[in-house]
Each structure stands twice: as structure tokens, then as C-alpha cells.
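Taken from Swiss-Prot as is:
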type	residues	note
BINDING	12-18, 40-42, R306, 332-334, 414-416	GTP binding site
BINDING	D13, E14, G15, K16, N38, A39, G40, H41, T131, R145, Q225, T240, R304	IMP binding site
BINDING	D13, G40	Mg(2+) binding site
ACT_SITE	D13	active site, proton acceptor
ACT_SITE	H41	active site, proton donor
BINDING	T300, T301, T302, G303, R304, K305, R306	substrate binding site
Amino acid sequence: MANVVVVGAQWGDEGKGKIVDWLSERADVIARFQGGHNAGHTLVIDGTVYKLHALPSGVVRGGKLSVIGNGVVLDPWHLVAEIETVRAQGVEITPETLMIAENTPLILPIHGELDRAREEAASKGTKIGTTGRGIGPAYEDKVGRRSVRVADLADDATLEARVDRALQHHDPLRRGLGIEAVDRDGLIAQLKEIAPAILTYAAPVWKVLNEKRKAGHRILFEGAQGALLDIDFGTYPFVTSSNVIAGQAATGVGIGPGAIDYVLGIVKAYTTRVGEGPFPTELDDADGQRLGERGHEFGTTTGRKRRCGWFDAALVRQTCATSGVNGIALTKLDVLDGFETLKICVGYDLDGKVLDYLPTAADQQGRCAPIYEEMDGWSESTEGARSWADLPGNAVKYVRRIEELIQCPVALLSTSPERDDTILVTDPFAD
């Protein structure tokens, strides 16, 4: 049985939620392998809208095992609230349908406070544009070996020692930012109170997944955000604090890289970005406004308006390489309906030199001017198309040109938020 990794191939918000939901019907296990509740998935199922941030998309599908892996940083209070929200929508969540890796680091209130204080203190041009939910500081504590992890909640002495170690680092930082010292006893009390609700789902995920794999179960690895926000290969420092590319799927749940059979990159038919950082094809004109309005480009987590621009084939070709993408799912093609002319970025002009990739140096990224190729648009509607025959000729040409430029085939084509409005070209789960 094939196992599939789903990764965003742009700056996030590519429509991963719908694609993961579409694929999860045939998966046995759906595993989140990185990120926190700073990323959101919106699923539309039989007219019901589910907005998920911490929970894997598979929870809304009965009979599946959903997993939160060790590569995730988890806000336990947010998770409990999100579980209650989806339960109120009729979704059943039990220890048989949801597991949390015992070695998953927790996001504490002190992480969010530090995150927000840093953003407020940052001068113009140095703000990252975080969601303020503590994801970055939580990953810092993980690397600094001072995290409170899920397993630590089971023993009071261990929990108190972990908190004390974290506060040795945080209290001096807080003083420097003008924040009062942490209420140690209050924080420990909060953690002890939430512990039973989290420990109910705690499990040795690495062991469970390896057993599932040996038994021939299909595993769907669900990434958050997008490869251009990867801590190593994204537009640093305007990135997230974890590895987002497909290689993280193995590390983030504790399964070997040989378990990955297919990497599906999710790609929007145009480009969007939330927060600060370079964006070569960004449009500040009527076309950009039109893309944002037609695509409903507002963040699931923050409600922030997304920056919009033309499709950047050079960037997507780059992310397909760093994630080893076998095929892409192209989403939101219907947003382009009615544009007379479409543009695709095929490379960059950097001080008179033509590049076919975005350079690493931040100053060079800011000076890269897009080199565009123009294509005729289409006036007909593509919304709800479920076969190639339903698409206008120019829409098919646009998709084919994208395939040529990014050097990767289209495996799936999405033409609306509804899960069934999908054209299947190549089955990622095919053995």
C-alpha cells in the first residue's frame, strides 16, 4: 500500500485541507508532522464548514486514525477547545481515533506572550508577521532542550522540573522586554489541570505507525503551511520555525523515509502570501484585488488579508525539487475565470542577470524582478468541473504550461472548495 505526503508548495493557504480530506477517504491513518495551530484548514463537507488548526483533517472522517506527531508543537488548551468545537458539529473523537505522540512539545502561555512581545518591539522591516500564537518560541525551547512535552504531564516532579528549566530562560527574556516574571505555581497548576485531557490521547506514535505500515495500512502525512515558509529553504527570516518540506514527514512522526511512496505538492493557480517577506509576483493593482476577492483570500487563523500575485513557476519548480514532489494538486483554477490575460513568472531579473530560481540572500530576493510569460485567459466558468472535457481550451493550455515550467505533472485539479469538484489524473495512492 502506498503512503502519501501532502505538502504546500508555495507560502501556505494552497487548499491542502480539501485535498487531504479528499485523499483521507482512502487512507487508514492521517498524520500531522509539523507546525502548530498557526496554520488553518477549512473543510466543506455536505455543506458543513469545519475550521481546523491543531487537529489533523482526517478527524472529520469516521473510522480513521488521526495522529499528531512529535514534529508538531501543541497548545493543549487550544486542542481541547478545538475538540469540543468539532464534537459539537457531530464529529466523534476518542483515543481510538486520535493519538498524540508522547514526545510532542507543548506550547505554553509564556510562548504566546513572548511571541507577541517580540513582534510589538520589532521595528518596521524586522517584523516577521507571526500569528502571535507562540509557535516560534515553542520550537526554540524544543531545540534548547527545555520543552515541556506531553509525556512530562504524567509525573508531577518531572513536570515541575521541566517548567523550572524553561523559566530559567524565559524570565530574563521577559525582563528585557518589560514583561513581568512568570507565575510559576500558576503555570504548573494550569498544566496539571489540562494534563488528563491530553494524556487520554498520548501514545508511542512512532511504534503505532510502524506497526500500521507493516500491516499494509495506508498512511497520509499532512503538512501545514508551505515549503516557501520552511526554516531552511524558505524566504528566511520571514519563515515559520519548523521544516515544512516533505523530508520532515519521516522525522515528524518517527517513521523511516522509506515509508514515503509519493509526495503530492499543493499549488494554487496563482500566488498568495500572509505576513511579511519578499513576494516577486505580488500585485498591488486591480488584478491583485480581484484575485483576493474572488479567492476569498483571508487567513483561516488570523483573518488577515492575504497578499496576491501571479503564478510563480520558478518558485514552485524550486519547491518541487526540495520536497521531491512526484505530482501536484492544482487548486483554485476557477478564481482565474474571466481574466483576459494571465501572467506566469518564469524567472527573475537580478541586476541585469537572469535567474531561474530565487536566490538565498535576502537582499538579492528583494531585488528580483519577475520575468513574465503572458497567456490568453478564458471567459467560461471552470467552477465545479470534474473532467478535462468540462474545461475551456485556454484553461487546459494554462495547466499544461504550468506542468512544463515546473517540470512536474498535475495529479489532481481542484475547481471549487467542494471535495467532489476534483479532476483525478494520477492516483497518489496507486501502488
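Each residue, glycine too, has its Cβ placed from N, Cα and C.
The record assigns D13, E14, G15, K16, N38, A39, G40, H41, T131, R145, Q225, T240, R304 to the IMP binding site, and the maximum Cα to Cα distance across that set is 34 Å. Under the DSSP three-state reduction, L333 (GTP binding site) is assigned to helix. In the three-state DSSP scheme, K18 (GTP binding site) is classed as helix. Counting other Cβ atoms within 10 Å of each Cβ, the lowest count among the binding-site residues N38, T42, T131, Q225 belongs to T42. Taking Cα separation as the measure, Q225 (IMP binding site) is nearest to G12 of the binding-site residues G12, G15, T42, G303, T415. Candidate recorded positions: H41, K305. Fewest other C-beta atoms within 10 angstroms, K305. Mapped onto three states, the DSSP output places H41 (active site, proton donor) in strand. Within 10 Å of its Cβ, the residue among the binding-site residues D13, G303 with the fewest other Cβ atoms is G303. Sequence-distant contacts (6 or more apart, same chain, Cβ under 8 Å) of G12 (GTP binding site) comprise A39, A224, Q225, G226, L229, V274. Of all the recorded positions in the record (K18, H41, L333), the one with the smallest CA separation from R304 (IMP binding site) is H41.
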